[in-house]
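Student: This is the feature table in TrEMBL:
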type	residues	note
BINDING	36, 37, 38, 55, 82, 103, 110	S-adenosyl-L-methionine binding site
């Protein structure tokens, strides 16, 4: 378990086990396998249930395959984007699954690996790619318009001075090669007392844009719901308002159409003890639905 926590410490594990309603005849999919924390917990809580794990990050896939090696007869890990869930299931002749988990956002491993370029506290090339198949942030900035940068900062990061900051990033884009280059632009544009908060927002916004996270989430939820068996459950853990808003609206539309039951009246949040042990869990919100009809 120690190695697993170094890669990524999973959030709301007990709650995932409870709400997934696992049974040994079921088949379940972790669409964001990461460090395999949730996946291992579900494997340990079942004797015969089968699992599919998906991640677009090859480092996460390699780590997860190692961690679940003892369960390889009933656990299959794929390097792919979760928007391709239907194609992945077709490869292994599976039509529907009984439960699906999305644990959104960036992993501890990605944040703390300097070479990945996700963190404003660590020097690294300005990449921010969850998958090597994705265009790097550095390359995207070379060809982007000024108003697009402003839009990204506003919509994905809720950055208050998005116009000023977007203009500076655009003007200096040819000189932005590393995370520290980008950090310096934020430092010169933001009062010191607001620096850390703004650094977090700017890096988050550009990461979401680089990886098309919200676009993929919308598409992934649709595909996942189609592959969910009747009475199957979908659990989604979101960490910022943009993600959670998409999930909330998607579930609301399904409920209005009579296609699901909402199993939690209020979002499920980590307990105080978990937040104390893992401060990064504090912003997590989990929503759970059960499918009523086959789509």
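Even glycines carry a Cβ here, placed using N, Cα and C.
Quick one: how deep are these features, and who are their neighbours?
Tutor: Reduced to three states, the DSSP call for residue 103 (S-adenosyl-L-methionine binding site) is strand.
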Student: Cβ atoms within 10 Å, counted per site: which of 36, 37, 82 has the most, among these binding-site residues?
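Tutor: Going through 36, 37, 82 one by one, the largest Cβ count within 10 Å is at 36.
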Student: Using only the Cα atoms of 36, 37, 38, 55, 82, 103, 110, which the record gives as binding S-adenosyl-L-methionine, return the largest interatomic distance in Å, rounded to a whole number.
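Tutor: Farthest-apart Cα atoms in 36, 37, 38, 55, 82, 103, 110 are separated by 18 Å.
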Student: With H, G and I counted as helix, E and B as strand and the rest as coil, say where DSSP puts residue 55 (S-adenosyl-L-methionine binding site).
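Tutor: Residue 55 (S-adenosyl-L-methionine binding site) sits in a strand per DSSP.
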Student: In the structure shown, with every protein chain counted, which of the binding-site residues 55, 103 has the densest set of Cβ atoms within 10 angstroms of its Cβ?
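Tutor: Output for this query is 55.
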